[in-house]
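Novice: I am attaching a structure below and will ask some questions about it afterwards.
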């Protein structure tokens, strides 16, 4: 079924705790993940919490990538939402799995904006005139 976008909701477990608490490294790896997925980066913002933890977003022309880390638990919650045919959120997922050194992951893929639910014809172009 065609959809406007794909949304990966990922749980990363047993990650490197030092990586999870390094805001500069997290931002660098999230941007690299966006690049590897084929996305176009618009902007990003990241914040390190005290005493630990990082939250951040990479806004891409095709939607967004977000991360929230809990270094004390070795855990990261990651959303990779991409639109369009040219961006592959699974490439971003694989990059981040390696970068965060996750030993276990759980991921669910959601189709966002399914054509049949919205009433878009299957042969319709991805972007329609407004």
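Placement of Cβ uses the backbone N, Cα and C atoms for every residue, glycine included.
From Swiss-Prot, for reference:
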MOD_RES   63  pyruvic acid (Ser)
ACT_SITE  63  active site, schiff-base intermediate with substrate
ACT_SITE  68  active site, proton acceptor
ACT_SITE  83  active site, proton donor
Novice: With every protein chain in view, how many other Cβ atoms are within 10 Å of the Cβ of residue 68 (active site, proton acceptor)?
Specialist: 16
Novice: Which residues, sitting 6 or more apart from the residue listed as 'active site, proton donor' on the same chain, put a CB under 8 Å from its CB?
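Specialist: Within the chain, the residue listed as 'active site, proton donor' has Cβ neighbours under 8 Å at 4, 5, 6, 62, 63, 112, 113.
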Novice: Just counting, how many other CB atoms are there within 10 A of the CB of the residue listed as 'pyruvic acid (Ser)'?
Specialist: 21
